[in-house]
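According to TrEMBL, the protein has these features:
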type: BINDING; residues: 50, 51, 52, 53, 54, 99, 175, 230, 343; note: substrate binding site
type: COMPBIAS; residues: 7-21; note: compositional bias 'Polar residues'
type: DOMAIN; residues: 45-54; note: domain 'Uroporphyrinogen decarboxylase (URO-D)'
type: DOMAIN; residues: 163-179; note: domain 'Uroporphyrinogen decarboxylase (URO-D)'
type: REGION; residues: 1-28; note: region 'Disordered'
type: SITE; residues: 99; note: site 'Transition state stabilizer'
Ligand SMILES: Cc1c2[nH]c(c1CCC(=O)O)Cc1[nH]c(c(CCC(=O)O)c1C)Cc1[nH]c(c(CCC(=O)O)c1C)Cc1[nH]c(c(C)c1CCC(=O)O)C2
């Protein structure tokens, strides 16, 4: 097979022109962007949530003596960390190295990322007066982010994508209200149901901040965005529709028509259609739901991203690669498929396994 001829995963070959940018600039559309739009791709694009950091020795070396939130704000470090997994694994996308709390800190909220814990907020949010601590995010507050994104984009090949991201209002609100990582999100739910007006005002502020953060990244060259609503799987459908969906929709709308939007959460099998309807081209699927079921639940209206169980990366090659092949196969039936894990890379993962999984997906899906 001619490797230069784009090949849809279903086997429909198309002309090479379909993989070029509109406007006759001759630039190649990143493979991930084409898949998100449901267009022909030379192979199924692959990236891994939390691919930057954690499992990579070269990342741990760079982070030595640099606090997480400081590393996120130093363009030379941030750019290099973002590029490390792309070089090592030959994945189709870089995920911008940052954190969902970076824009919240940028507007002035006193918080820190505590090693082994996660984001910790000095004074948790509980009352109306706390809203004053969430002013709008303006680009001048995050000029380093603009510089880092532009630096990464300039270093990538044109067929590789840079994914920008933000935390969705519910997940951000949970960290602010609980004061840190939470298992049950009880204070968050108590606020949501106990004072819906304050809840909505809080989420409106967070949606504005997250939307502005996405816009900054897209303005600087991000090719796609992912909205992480990591903990929204703790809600039922009714609460999601009433208290969350309108706010997430606002964030997604902030970059509508500019770049493909991926919407992801953990344990969101019951919410997949609603998350797509909030305004995403791509719905992220965690490992608990088969892609075939996810396709049905989303009515075939969205490309899918996912969904290898990150724990399977610890299994022997035979069952691991068999599962990878199954996921690639199931993805062929979707309007578009981006191969990923069902959640982030676990810190003790052998990075060579990620390289081999990437190669396997490329091989079996076309290249
Ligand atoms: C541990 C943690 C942090 N921040 C957060 C946690 C989880 C705590 C909890 O369980 O509640 C909060 C967070 N940060 C991010 C998310 C969404 C993604 C997810 O669900 O995992 C969430 C929920 C995005 C991210 N957070 C980070 C990225 C960067 C991209 C990447 O690593 O691939 C993203 C998209 C990076 C990050 N973020 C953090 C560290 C130490 C790092 C460095 C690398 C690593 O150890 O994973 C701190």
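Along the chain as shown, the residues are counted starting at 1.
Just so it is clear, glycine is given a Cβ too, placed from its N, Cα and C backbone atoms.
When other Cβ atoms within 10 Å of the Cβ of residue 50 (substrate binding site) are tallied across all protein chains shown, the result is 17.
Each of the binding-site residues 54, 343 was scored by the other Cβ atoms within 10 Å of its Cβ; the lowest score goes to 54.
For the domain 'Uroporphyrinogen decarboxylase (URO-D)' (163-179), the mean pLDDT of the prediction comes to 98. Here the CA atom of residue 99 (site 'Transition state stabilizer') lies 15 Å from the CA atom of residue 343 (substrate binding site). With a CB cut-off of under 6 A applied against ligand 1, the recorded positions 50, 54, 99, 175 are reduced to 50, 54, 99. Take 50, 51, 52, 53, 54, 99, 175, 230, 343, the residues named in the record as contacts for substrate: the widest Cα to Cα gap among them comes to 23 Å. Straight-line distance linking the Cα atoms of residue 52 (substrate binding site) and residue 99 (site 'Transition state stabilizer'), rounded to a whole number, equals 11 Å. Nearest Cα neighbour of residue 99 (site 'Transition state stabilizer') among the listed binding-site residues (50, 54, 175): 50. Under the DSSP three-state reduction, residue 343 (substrate binding site) is assigned to coil, being neither helix nor strand. Residue environment of residue 99 (site 'Transition state stabilizer') contains 17 other Cβ atoms, counted within 10 Å of its Cβ in all protein chains.
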